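Okay, structure first, notes after.
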Amino acid sequence: MKILYSQRRFYHVETLFNGTLALSGRDQETTGFAWWAGNARLINLSGKLLGAHVAHAGLIVFWAGAMNLFEVAHFVPEKPMYEQGLILLPHLATLGWGVGPGGEVIDTFPYFVSGVLHLISSAVLGFGGIYHALIGPETLEESFPFFGYVWKDKNKMTTILGIHLILLGAGAFLLVFKALYFGGIYDTWAPGGGDVRKITNLTLSPGVIFGYLLKSPFGGEGWIVSVDNLEDIIGGHVWLGSICIFGGIWHILTKPFAWARRALVWSGEAYLSYSLGAIAVFGFIACCFVWFNNTAYPSEFYGPTGPEASQAQAFTFLVRDQRLGANVGSAQGPTGLGKYLMRSPTGEIIFGGETMRFWDLRAPWLEPLRGPNGLDLSKLKKDIQPWQERRSAEYMTHAPLGSLNSVGGVATEINAVNYVSPRSWLATSHFVLGFFFFVGHLWHAGRARAAAAGFEKGIDRDFEPVLSMTPLN
């Protein structure tokens, strides 16, 4: 059996639907690609590749719709979302659907509608995917030149890039319109413990919006993850949507400059590597966002952040012991520092004990008790509201800790419940997937650069076990 490595050889693919029963184009000799590199058979078959992409979109949307309906079917309104292992309903609730003051679910019908709409959409996409994969033209260049392309055609590639950017910009504006005009979105900072509201006075100042990008990613700075109000989030989407749309128009109307033509590799595998790299970055950022940010991901739906649960514990015991007569302002802990309250490195009054490391935390249930110099002692003595006590006790017992077998909470805690926070799931999954995508980026970037340099070989398959096995048929 002759082993073929080069990508530059066999492109013609016959399928069952082209009027012949010969199954060529499925094996290594006729295509130059082994079974596990099946997608590579579609490199120059734009029609079939379109089918693969549309079918893939159908699978994604089907999962969204089916999982959405599954969560609706299992949802218990009396329990918080984060106790029920939900990951889709919290996103819908954050967008302001079906919830009222304090994040209480008042109507699950919008969630049902969302699931059904996704299922119907997935059927349309699935049909389109199967049609283009099996029945439609193998290549689009001849019959539909607008949708056809050659990977090396730099002008066409940047036009496609432009169209994608415009679609992304439109997506960003969908959130803006929902927040401004279509009922508003859930604001965890609304007075009295959160509510749905329309976002009226957006932050459009470039100094504020782009200032986030200039922040340090560490500690109390937190780069863009430190955003703590919806005005900045929606204003940021206005900026981002506008940049994407104008950038898209720019890329459609212009051809790549000489420096870009020289610097970049212009092949299908190179574009794949660029995309994987971008998605890896998004995955890592999303991981940090869902783990630390309780404005974009309200704790009412996703459970408290780690720092929030820790500070909630300190607050809960401060309330208890103060009721029992402790003077929380002067009580000394076992280390000689304040037992309940101490000073931060910059002089603010903060919670004492182990939670001192989380003194940066800002949370809606805690902020009303701060004054100009951190926590206000007189407010802690006179102004603590019952809703703040209830919420902190709830958050204290729902820290985003837990193991794969769903035994949640601190490992040594005797009252641990069968609970793992959606924050743990979402942060971990996005980190792990982001890492996998990053490895894929390195792999495909290396192959694309090697191919461009003219020595692309792929994996040396001379000693692959499957080659010495008897054929399956």
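The backbone N, Cα and C atoms fix where each Cβ goes, glycine too.
Quantities reported herein were computed from a predicted structural model and do not represent experimental measurements.
Using a 10 Å Cβ-Cβ cutoff, Glu367 ([CaMn4O5] cluster binding site) registers 11 neighbours. What Swiss-Prot records for Glu367 is [CaMn4O5] cluster binding site.
Per Swiss-Prot, phosphothreonine is recorded for Thr15, and the stated evidence type is sequence analysis.
Positions annotated as N-acetylthreonine by Swiss-Prot, on the basis of sequence analysis: Thr15.
Taken from Swiss-Prot, the feature transmembrane segment applies to 69-93 (among others). Note on the transmembrane segment (69-93): residues 99, 103, 105, 108, 110-112, 114-116, 119, 186, 297, 300-303, 394, 398, 419-423, 425-426 of its chain, located 6 or more positions outside it, place their CB under 8 angstroms from a CB of the stretch.
Annotation comment: Swiss-Prot describes 134-155 (among others) as transmembrane segment.
Positions annotated as transmembrane segment by Swiss-Prot: 178-200 (among others).
The feature transmembrane segment is assigned by Swiss-Prot to 255-275 (among others), with sequence analysis given as support.
Residues or ranges marked as transmembrane segment by Swiss-Prot on the basis of sequence analysis: 291-312 (among others). Through the fold, the transmembrane segment (291-312) approaches residues 80-83, 89-90, 93-94, 102-103, 186, 188-189, 194, 222, 225-230, 233, 351, 354-355, 358, 360-361, 363-366, 391-393, 395-396, 398-401, 421-423, 426-427 of its own chain, all at least 6 residues removed from its boundaries and within a Cβ separation under 8 Å.
As annotated by Swiss-Prot, transmembrane segment applies to 447-471 (among others).
Here the transmembrane segment (178-200) has long-range neighbours at 93-97, 99-103, 228-231, 234, 294-295, 298-301, 364-365, 387, 391, meaning same-chain residues at least 6 beyond its ends whose C-beta is under 8 angstroms from one of its own. When secondary structure is read from DSSP and collapsed to three states, Glu367 ([CaMn4O5] cluster binding site) falls in the helix class.
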